[in-house]
Amino acid sequence: MNILSAIIVFENLHEVKRLFHWGPIIALTVIGVCSSMAILDSIIWYWPLDTTGGSINFIMLINWTVLILYNYFNAMFVGPGYIPLEWKPENQQDIMYLQFCRLCQGYKAPRSHHCRKCNRCVMKMDHHCPWINNCCGHLNHAYFTSFLLLAPLGCIHAALIFIMTMYTQLYDRISFGWSSVKIDMSAARHIHHPFMPFSIAAFAATLFALGLALGTTIAVGMLFFIQMKVILRNKTSVEAWIEEKAKDRIQYYQTGEDFIFPYDLGSRWENFKQVFTWSGTPIGDGNEWPVHEKCNQYTLTIEQLKQKHDKRQRSVEYRVVEDYNGACCPLGKGLNTFFRTPCTEEPRIKLTKGETIFATRGTKWWMYGDKVLNEEQANAGVRIRGWFPRRCVEKCHYDSANNSASEEKKQQ
């Protein structure tokens, strides 16, 4: 019993550690600044509590703050749900339709993906969000999306408070001349007399909070519309990318296949109800899902296996000709490499002259690929992949015998 209690305490402490990351620290700071400044501006200078409107406004501000924090912390601490380590499907024959995760030593269930940050296979993974320092997936997708809706609404309310506070406090302090505008911050208010004067410091703090509120409204509001776009199609951001690659693969090889996304139930309302429920618990156990009548549980995983095979076939072998230390924006690799670094959380990998790497995609100045490892590392399940400067590698040229050998390496 003591051991079990110790394990529970350790897990709780591990979850609390999520707060000590730049993402939650910035997010909670923005929420705290906007909420506290809106409440202070409202009750001191704009809409005092001794009025009915002021009391209602105060309750609404508190309500926004509570709802925002409730959904934020649920998105962070409830988590997306993880596939059990060493997981296998009940029917052993279904293994042939699934990818094997060497890090989790188990098979990836439909719609699950391995997160490098969480180091686990995540149920219905959408993305890893640095602002909650956790993945957005099956169990917390509704909380995360609700947070994305409530944060801009609360910030719009706060922004209106900031604007009206500055307007009412500065209205009779501003005098216009023919060639100048003067602001007298010591002038008294004619409407009511707050117990604290609206000083230059208060004006600067309100203006700063207004900038945070407007910036949050735009940025988070855009994320909300992106999330709702995929939710109404019962997709995740990862699955939307898989669907695009499926169309490209079919067009490239002219296979004539008709790919149908299996989890779109044909109705936006039905798709919406897969994520948002009155109980707060999404539909499904994270392993099996309702699918389109023309599809089965493994339609998408089979497509992923096809894309994985296609990626191996289309990858190009390169030899490293210049060392690279893995920096995000390397100063010694040219200005274009420095300024056009990929805007992604995917890792950069260190390169040593003479190493071999298989590149699968890239831009004009950067490439993404898998490093060829020795036999011991490969058997241990080690995989090193990420971005590196294009100038650090050159394409390998082989004769037919060597080329066939490189093809065998791709298949491994």
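Every residue, even glycine, has its Cβ placed from backbone N, Cα and C.
Caution: TrEMBL annotation is automatic and unverified by curators.
Residues or ranges marked as transmembrane segment by TrEMBL: 25-47 (among others).
Residues or ranges marked as transmembrane segment in TrEMBL: 53-73 (among others). Within its own chain, the transmembrane segment (53-73) is flanked in space by residues 27-28, 31, 35, 38-39, 42-43, 47, 132, 143-144, 146-147, 150-151, 153-154, 157-158, 161, which lie at least six positions past its ends and keep a Cβ under 8 Å from the stretch.
Annotated domain 'Palmitoyltransferase DHHC' per TrEMBL: 97-242, in sequence order. Mapped onto DSSP classes, the domain 'Palmitoyltransferase DHHC' (97-242) shows 72 helix, 22 strand, 52 coil.
Residues annotated as transmembrane segment in TrEMBL: 147-167 (among others).
The transmembrane segment feature in TrEMBL is assigned to 200-226 (among others).
Per TrEMBL, domain 'SH3' is recorded for 318-396.
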Remote residues contacting the transmembrane segment (25-47) - C-beta distance under 8 A, at least 6 residues beyond either end = 19, 53-54, 57-58, 61-62, 64-65, 68-69, 72, 131-132, 151, 154-155, 157-158, 161-162, 164-165, 168-169, 194-196, 198, 202, 205-206, 208-209, 212-213, 216
Whole-number mean pLDDT, the domain 'SH3' (318-396), equals 90
